[in-house]
């Protein structure tokens, strides 16, 4: 149990630190759809897709690795709450087009990146 807790905590801390760094460095570049938040969600989508594909072909790997990467790191990196707050701010400002664009970009982009992660990992593994 403690190994699982430590794996999740370590992964989450690393993912959250990366998300914070991306926001700090990139979000001021385009406040309407902050690129740091978007990049965190896209990278997290790709990483979780690749991890799912990898762990599916390697069932003997200790479950703590899956917890560290998928539950911890990807969970700490991706951010539905920040994305939601940014969209609500756009809606409150009456910027409906930007809000719709942000929703489409984050949700569609994250789904596409997850599929890309799955397909690319399967390709690299020869599956």
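Any Cβ shown, glycine's included, is placed from N, Cα and C.
Of all Cβ atoms in the protein chains displayed, 23 besides its own lie within 10 Å of the Cβ of residue 78 (Na(+) binding site). Annotation source Swiss-Prot lists Na(+) binding site at 75, 78, citing sequence analysis.
Feature annotation from Swiss-Prot assigns transmembrane segment to 4-24 (among others); the stated evidence is sequence analysis.
Residues 15, 18-19, 22-27, 65-66, 69-70, 73-74, 77-79, 82-83, 86, 105-106, 109-122, 125, 127 of the same chain lie 6+ residues outside the transmembrane segment (36-56) yet bring a C-beta within less than 8 angstroms of a C-beta in it. Per Swiss-Prot, transmembrane segment is recorded for 36-56 (among others), and the stated evidence type is sequence analysis.
Outside the transmembrane segment (68-88), and at least 6 residues removed from its termini, the chain residues within Cβ reach (under 8 Å) are 7-19, 23, 33-34, 37, 40-41, 43-45, 47-48, 51-52, 55, 99, 102-103, 106, 110. Per Swiss-Prot, transmembrane segment is recorded for 68-88 (among others).
The transmembrane segment annotation in Swiss-Prot covers 99-119 (among others) and is backed by sequence analysis. Using a Cβ-Cβ cut-off under 8 Å and counting only residues 6 or more beyond its ends in the same chain, the transmembrane segment (99-119) has close neighbours at 32-33, 37-38, 41-53, 78, 83, 86-87, 90-91.
Neighbour list (residue 75 (Na(+) binding site), Cβ cut-off 8 Å, at least 6 residues apart, same chain): 11, 12, 15.
Annotation note: residue 78 (Na(+) binding site) sits in a coil segment as assigned by DSSP.
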